[in-house]
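Participant: From Swiss-Prot, here are the annotated features:
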- 1-69: topological domain 'Cytoplasmic' (TOPO_DOM)
- Ser25: phosphoserine (MOD_RES)
- Ser55: phosphoserine (MOD_RES)
- 70-90: transmembrane segment (TRANSMEM)
- 98-117: transmembrane segment (TRANSMEM)
- 142-162: transmembrane segment (TRANSMEM)
- 163-225: topological domain 'Extracellular' (TOPO_DOM)
- Asn187: N-linked glycosylation site (CARBOHYD)
- 226-244: transmembrane segment (TRANSMEM)
- 253-270: transmembrane segment (TRANSMEM)
- 306-323: transmembrane segment (TRANSMEM)
- 335-356: transmembrane segment (TRANSMEM)
- 357-452: topological domain 'Extracellular' (TOPO_DOM)
- Asn383: N-linked glycosylation site (CARBOHYD)
- Asn394: N-linked glycosylation site (CARBOHYD)
- 453-472: transmembrane segment (TRANSMEM)
- 496-514: transmembrane segment (TRANSMEM)
- 530-550: transmembrane segment (TRANSMEM)
- 571-592: transmembrane segment (TRANSMEM)
- 620-642: transmembrane segment (TRANSMEM)
- 643-729: topological domain 'Cytoplasmic' (TOPO_DOM)
- Ser687: phosphoserine (MOD_RES)
- Ser699: phosphoserine (MOD_RES)
- Ser701: phosphoserine (MOD_RES)
Amino acid sequence: MPKNSKVVKRDLDDDVIESVKDLLSNEDSVEDVSKKSELIVDVQEEKDTDAEDGSEVDDERPAWNSKLQYILAQVGFSVGLGNVWRFPYLCQKNGGGAYLLPYLILLLVIGIPLFFLELSVGQRIRRGSIGVWNYISPKLGGIGFASCVVCYFVALYYNVIIGWTLFYFSQSFQQPLPWDQCPLVKNASHTYIEPECEKSSATTYYWYREALAISSSISESGGLNWKMTGCLLAAWVMVCLAMIKGIQSSGKIMYFSSLFPYVVLICFLIRSLLLNGSIDGIRHMFTPKLEMMLEPKVWREAATQVFFALGLGFGGVIAFSSYNKRDNNCHFDAVLVSFINFFTSVLATLVVFAVLGFKANIVNEKCISQNSEMILKLLKTGNVSWDVIPRHINLSAVTAEDYHVVYDIIQKVKEEEFAVLHLKACQIEDELNKAVQGTGLAFIAFTEAMTHFPASPFWSVMFFLMLINLGLGSMFGTIEGIITPVVDTFKVRKEILTVICCLLAFCIGLMFVQRSGNYFVTMFDDYSATLPLLIVVILENIAVSFVYGIDKFLEDLTDMLGFAPSKYYYYMWKYISPLMLVTLLIASIVNMGLSPPGYNAWIKEKASEEFLSYPMWGMVVCFSLMVLAILPVPVVFVIRRCNLIDDSSGNLASVTYKRGRVLKEPVNLDGDDASLIHGKIPSEMSSPNFGKNIYRKQSGSPTLDTAPNGRYGIGYLMADMPDMPESDL
């Protein structure tokens, strides 16, 4: 692509220093703050004259008040609940400390390059996901629509999880915590412990019976759970109020929602390190099992976690970056946010396993105490001789080391009869190996551990407030991935669209607050996003590298950043990343095919979970979720390819922003202009002369070079303009 002669070639190190200074610069003058608050998009202010009334309209796009606000928004979107309850589980399951190496490798090979790609296209084209991919190629415009559909599917159930967290948060202001003990059941004759709770645990019972009031299968609706319905309504009201003014409102909230979780995690880490057993948990967590690095499953799960941890394919990354200045160093942002995400995951893993180590130590002490009593009974009845017990061991107050010595002795002496003695080894590692993830970690394992904390209500309030903020940060990015592209494309008022979007989502979300709602959350989590997002990101990579052209894209980046990106990205975007994404897609499809579609149902009579297969209608819903999410891609391609919709009426609308209002202004196009905008290749154009009205008035007089090899003419030419026009494609 033709280079902008005004570009200043800067040294990469100097550019990074500038970015850091910009990020840490918060002491702006009153005039600077006023200028930033004006939400000006272009370097030069553009003013257009309305054809009907001759009034001037400031063509402005909302922008971030500061670089710090933008970084916090990206961090808030990428750092979510998965960092707390998914990454630690994967780390423990896949080799402990050894898992970090494949994760880091894949972060460098897949994560950072693709994250940088999404930031770049959003910042350069200054549109949401629909407008960006329409600009690259109208035939690939369905990629943006697919991203919006996936975002909406995810938002539907993700906010339900925030609703659950709100419920636990509201119940945490009690001493003792309501899930501390099993409830008692009274009848006319006597009082006894609730059988379902006695068979499981107090926290498990509270989660399934008190919070979810869960049914025994997905086919048993059981009606609405009114407590959770109210919490879901509160969650959607919070999201709606935060998003109703776009980044003007959500950006300010990000200062708290993005930073508060780090305060809580650090407090939890310091407190848990002072508890018995926490070091055992951390040691168990990070003890590397190097042999597991050779297993393909470990690499597949690491790649999947990298992919979803950064929010690739959702459109939120593109939407947030579209509000940046054009010369913002998005490469610095990509590296910074990616490593903040990684170190947050490691910090959360330290906290989780320090707390679980403390919990395992308590469980282990109970196990030793109970089994020591059993050994004393065996000694008193003569089943085991006192002579085999070392004299220095006191079974009334036995330590873990002494118990294991006695256990090993009895196992050798009573080798044939040992099984009938029902003694347990009571190893703390056995408890730590019972890895849990997701809601099981947050609402069962972690809540149980916190009941043993001094001042447990305080820590419970802090923990669930942290989860609420983590969830809301991700929700803001997800909703922005829906709102921004739709506003850019269909010219609707952002406030009205936000309210309608949230209201409709709440109504659909009522299916998740039935007594069987937890099973629908599992269904949507398993099938609505994984494969569709992989396909979306593969198509994004292909669109930039092969349709638009990797060389032209790198020239755009050089013009935009002021320095040439490393050749590393050329090879990643053109060869390595597409190959690895396709491999990951195939591996995910194979894994999905080998795993029977089903869910873990809570069986009241057994007080335990049991795997059940989905009924036939459930299978249809699972398949429909995947198809609906990716359907816009072929539909838009066929419509554009076959010209089923006439775009060349000569009256397109371009969106402008003024004082928070979205205005429509007609742009009359000559025939040649329309053919350019609608993506016709040069051979299909009726005239080589460009029309007069394609571009709005520019502040300079840039030189246009034609692209003899450009496939989509207008996409090539528009990117050369210092102040790129707002494309409606």
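A Cβ is built for glycine as well, from the same backbone N, Cα and C atoms used for every other residue.
How about a rundown of where these features are and what they're close to?
Facilitator: Across the topological domain 'Cytoplasmic' (1-69), the model assigns an average pLDDT of 49.
Listed as Cβ neighbours of the transmembrane segment (70-90) (distance under 8 Å, sequence separation of 6 or more from its ends, same chain) are residues 23, 64, 99, 161, 247, 250-251, 254-255, 257-259, 261, 285, 301-302, 305, 308-311, 316-317, 320-321, 323-324, 333, 336-337, 340-341, 344-345, 348-349, 352-353, 435-439, 441-442, 467, 470-474, 476-478, 480.
Other Cβ atoms within 10 Å of the Cβ of Asn187 (N-linked glycosylation site), summed over all protein chains shown, number 7.
Nonlocal intrachain contacts for the transmembrane segment (253-270), taken as residues 6+ away from its ends with a CB within less than 8 angstroms of a stretch CB, comprise 69, 72-73, 75-76, 79, 242, 344, 347-348, 350-351, 354-355, 459, 462-463, 465-466, 469-470, 472-473, 476.
DSSP assignment over the topological domain 'Extracellular' (357-452) gives 67 helix, 0 strand, 29 coil.
Within the same chain, residues at least 6 positions away in sequence whose Cβ sits under 8 Å from that of Asn383 (N-linked glycosylation site) are Lys414, Leu421.
A C-beta separation below 8 Å, combined with a sequence spacing of at least six in one chain, links Asn394 (N-linked glycosylation site) to Asp402.
Same-chain neighbours of the transmembrane segment (453-472): 76, 79-81, 83-84, 158-159, 161-162, 165-166, 168-169, 172-177, 180, 238-239, 242, 253, 256-258, 260-261, 264-265, 267-268, 271, 275, 442, 446-447, counting only residues six or more beyond its ends whose CB sits under 8 Å from a CB of the stretch.
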Participant: Let me spell it out: take the transmembrane segment (335-356), skip the flanking residues so only those 6+ beyond its ends count, and list any with a Cβ under 8 Å from a Cβ in it.
Facilitator: 23, 71, 74-75, 78-79, 83-85, 87-88, 91-92, 100, 103-104, 107, 111-112, 115-116, 262, 265-266, 268-269, 272-273, 275, 278-279, 281-282, 284-285, 309-310, 432, 441, 445-446, 449-450
Participant: What stretch of 98-117, 142-162, 496-514, 530-550, 571-592 shows the most Cβ pairs under 8 Å to the transmembrane segment (620-642)?
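Facilitator: Stretch with the highest Cβ contact count: 142-162.
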Participant: What parts of the chain pack near the transmembrane segment (306-323), using Cβ distances under 8 Å and only residues at least 6 beyond its ends?
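Facilitator: Answer is 61-64, 70, 73-74, 77-78, 82-83, 87, 103, 106-107, 110-111, 114-115, 118-123, 125-129, 132, 144, 147-148, 150-151, 154, 247, 330, 333, 337-338, 341, 345, 474, 477-478, 480-485, 529, 533-534, 536-537, 540, 584.
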Participant: Where DSSP helix means H, G or I and strand means E or B, what are the helix, strand and coil counts for the topological domain 'Extracellular' (163-225)?
Facilitator: 23 helix, 7 strand, 33 coil
Participant: Would you mind listing the long-range same-chain contacts of the transmembrane segment (142-162), meaning Cβ under 8 Å and 6+ residues beyond its ends?
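Facilitator: Answer is 81, 128-134, 228, 232, 235-236, 239, 313-316, 439, 468, 471-472, 474-475, 478-479, 481-482, 485-486, 501, 505, 508-509, 512-513, 517, 520-521, 524-525, 528-529, 532-533, 535-536, 539-540, 543, 625, 628-637.
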Participant: Out of 98-117, 496-514, 530-550, which stretch touches the transmembrane segment (226-244) the most, going by CB pairs under 8 Å?
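Facilitator: That would be 496-514.
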Participant: So which of 98-117, 496-514, 571-592 has the most C-beta pairs under 8 Å when paired with the transmembrane segment (530-550)?
Facilitator: 571-592
